[in-house]
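Straight from Swiss-Prot, the features:
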| type | residues | note |
| --- | --- | --- |
| ACT_SITE | His696 | active site, proton donor |
| BINDING | Arg17, Glu18, Leu19, Lys20, Lys113, Arg517, Cys518, Trp563, Glu607 | 5-methyltetrahydropteroyltri-L-glutamate binding site |
| BINDING | Ile433, Gly434, Ser435, Glu486, Asp601 | L-homocysteine binding site |
| BINDING | Ile433, Gly434, Ser435, Glu486, Asp601 | L-methionine binding site |
| BINDING | His643, Cys645, Glu667, Cys728 | Zn(2+) binding site |
Amino acid sequence: MRTLTHNLGFPRIGAQRELKKALETYWKGQNDVDQLLATARAIRTGNWLLQQKAGIDLIPVGDFSLYDHILDMTTLLGAIPHRFGNTGDKISPDLYFAMARGTADQPAMEMTKWFNTNYHYIVPEFDDTTQFRLASDRLFQEIEDAKALGITAKAVLIGPLTYLYLGKEVTPGFQRLDLLPRLLPVYREILQKIASLGVEWVQIDEPILSLDLEQPWRDSFAEAYHTLHDGSCRLLLTTYFGTVDHHLTLLKNLPVDGLHIDVSSAPEQLESFLTEDFSGKTLSLGCIDGRNIWRADLSQKLETLSQAASRFAGELWIAPSCSLLHCPVDLALETKLEPEIKNWLAFSAQKLEEMTTLGRGLNQGRESVEAILTASDEARRSRTESSRIHNPIVHQRVDNLTERDSQRNHPFATRKHLQQQRFNLPLLPTTTIGSFPQTATIRQARAAFRKNELSHLEYLSAMRAEIREMIRKQEEIGLDVLVHGEPERNDMVEYFGEQLWGYAFTENGWVQSYGSRCVKPPILYGDVYRPEAMTVEWIKYAQSQTGKPVKGMLTGPVTMLMWSFVRDDQPRSTTALQLALAIRDEVADLENAGIGMIQIDEPAFREGLPLRKQDWKSYLDWAVKAFRVASSGVKDETQIHTHMCYSEFHDILPAIAELDADVITIETSRSRMELLDAFVKFSYPNEIGPGVYDIHSPRVPDASEMFELLKKASRYIDPTLLWVNPDCGLKTRNWPETQTALQKMVDCAKTLRSALQA
């Protein structure tokens, strides 16, 4: 029986971020919708043809999105929140983007992390009046486009249970699972229309099966898939991001034609699926890592697949573990990477080739791919033996860590008193999260410096001028605690990684974070070492320009780890401690330079949490330890801040408190401060700054909205522990909206401060 290869999804952004550029020019009114859609069509077509040329047998259609695939599902199902005023007609691009980005009248829909990745999805909103209807023909048009190119298409849908699970109820006392009977008929209609277009297989993604589901959700799978399996299409139930063997009996009994399992992040589950009788189903093995960029050990994987094929009575397919959305597009575009390191890597285009190599090896025998396997073995040997990887100084420092290295000198209450004596801040102190708008002037100066078109002195002068201006603007607005604005930084991880040993960088290694926002994760390939101070001179200069405190701004060890492509040859906990020691040294240098407030951002802290609760403790233990190692070497008078975003903290608040940061700022505005209730119930002991406005939308909220959120926060939290700040950094915003919003924020804080002190 011939083994097929198929892909679960391909990056949407384009090899040169063409989609980002098209979206942003469209939003600025510099091109029309036809130009935007033409760019999207060109990217989709290029993706299909690339996969076809690589030899992929079944090519995904429906994985592309202009903004987010969950938002696309909301659009396809007509589940538009009432507040956006949809009349029941077809959904326009303006309405689509309004849901994602907000309007002058309506805040954007909430955005949160896609499982434990750095991708973000738009959260569906449900209430008891939510109705579903087939409201878009985009998927069907794309299928017809693919067929016209001779593509063997596999349609891609988010499954009904995952769609409901990832949404939120916007009215109390209502359970979104109760919407399933209304939802399933529309799914049936979609599947029947797909079948009418001649598509045999539908990939129906249910990644929530990697979670510990409550019984009502587990029970609903049988109802859903008995309803959907009407024979119109063959259904490939697709799971990823972890093991699903805790749902083995459920999966065995579901009326689906195939199952996809992730045997890259959870190789141990393969044995369960080979031992149980799944012979009536196609089994797709996600053996190529869809979330990291290391070249696969093809010899070992071919051996594993050969053994699986000999034991599995049904049809076996080869796939990536998950969509390749999380990987850069093509390694061939990297012309400046060290050849040795480049030889260790595989981006999305190369992962297609790895899949087809494994398929050919299974179908035609090992000898048919012997040369490729030999090259793979040599790359693996090179990486294992490379002198770039290991630094004995770093290993010794990690080995010598003691419990004292992760403890502050005294408890928070003592520190708070000393810090208030030092800084004399008012009630409800105002601050920002760190970055300010990256203007064209800033970006041009950085680019010119990288190209040696600016001397070091000229660059220093340009950045200092920007810092002076940012300090001036903050003082003019009336903020209490200032930042230097980060004009010298391109990215909060890349900036530090460029100054640490053990990191490498790409030119075009972009991946989508949300919408048009792309990030270029650095490659953490070896032991991490800080050869010299990274931020001290910038922060010292900023502090010299004002009598108000200026925060030192650092990225925390867990975020440095989570937002990099991390080496897979040692435990992540070890790499986190190496990063923590590098940051600890920077914290010490900042303190010695007279900087009294140091912010260590950990926006990715929850992102690293394993999907199953049984695995949480191990992760939280080492993640908390890493942060405390980074932050605990300072005096009591030095105030440690941290920032976290897009996170549901309800279930990990004890670990957040264990970080023992003096001040935590969090994103709360999109969720209308819902998160604060959890902090109150837990009695969070330290100071907290809940974001009072959403910086991910160009919309500047009314002062009344900010004031109400702030007043609500003051009811939840002791005002003596409350800070006032935006949700996140302001790098992606422009100055006019930034100044307007911050001025409103400061005015609201002053108004409430006066009321509380009256």
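Cβ atoms are placed via backbone N, Cα and C, with glycine included.
Structural mapping of features recorded in Swiss-Prot.
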residue : record                                                : DSSP (3 states)
Arg17   : 5-methyltetrahydropteroyltri-L-glutamate binding site : coil
Ile433  : L-homocysteine binding site                           : coil
Glu486  : L-homocysteine binding site                           : coil
Asp601  : L-homocysteine binding site                           : strand
Glu607  : 5-methyltetrahydropteroyltri-L-glutamate binding site : helix
Cys645  : Zn(2+) binding site                                   : coil
Glu667  : Zn(2+) binding site                                   : coil
His696  : active site, proton donor                             : coil
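Of all the binding-site residues in the record (Leu19, Cys518, Cys645, Glu667, Cys728), the one with the smallest CA separation from Ser435 (L-homocysteine binding site) is Cys728. Candidates Arg17, Lys113, Glu607, Cys645 (binding-site residues) were compared with Ile433 (L-homocysteine binding site); none lies inside 10 Å Cα-Cα.
All protein chains included, Glu486 (L-homocysteine binding site) registers 25 other Cβ atoms within 10 Å of its own Cβ. For the pair Asp601 (L-homocysteine binding site) and Leu19 (5-methyltetrahydropteroyltri-L-glutamate binding site), the Cα-Cα distance reads 29 Å.
A straight line from the CA of Lys113 (5-methyltetrahydropteroyltri-L-glutamate binding site) to the CA of His643 (Zn(2+) binding site) spans 16 Å.
Around Cys645 (Zn(2+) binding site), a 10 Å sphere centred on its CB holds 26 further CB atoms from the protein chains shown. Comparing the recorded positions Arg17, His643, His696 on other C-beta atoms within 10 angstroms of each C-beta gives the minimum for Arg17. Cβ-based neighbour count (10 Å, all protein chains) for Lys113 (5-methyltetrahydropteroyltri-L-glutamate binding site) stands at 20. Each residue contributes its Cα atom, and for Gly434 (L-homocysteine binding site) and Cys728 (Zn(2+) binding site) those atoms are 8 Å apart. Excluding Ile433, Gly434, Ser435, Glu486, Asp601 themselves, the residues of that chain whose CB lies within 8 A of the CB mean position for the L-homocysteine site are, in sequence, Thr432, Val483, Met492, Met553, Gln599, His643, Cys728, Gly729, Lys731. A distance of 19 Å separates the Cα atom of the residue listed as 'active site, proton donor' from that of Arg17 (5-methyltetrahydropteroyltri-L-glutamate binding site). Here Glu667 (Zn(2+) binding site) is compared against the binding-site residues Arg17, Leu19, Glu486, Glu607, and the shortest C-alpha distance is to Glu607. Sequence-distant contacts (6 or more apart, same chain, Cβ under 8 Å) of Cys518 (5-methyltetrahydropteroyltri-L-glutamate binding site) comprise Ile13, Arg17, Lys20, Trp510, Val511, Gln512.
Long-range Cβ proximity for Leu19 (5-methyltetrahydropteroyltri-L-glutamate binding site), meaning a same-chain Cβ under 8 A and a gap of 6 or more residues, is found for Arg12, Ile13, Thr39, Ala40, Ile43, Leu66, Ser516. Glu607 (5-methyltetrahydropteroyltri-L-glutamate binding site) sits 24 Å from Glu486 (L-homocysteine binding site), taking the Cα positions as reference. Comment: L-homocysteine site residues Ile433, Gly434, Ser435, Glu486, Asp601; largest CA to CA distance 14 Å, whole number.
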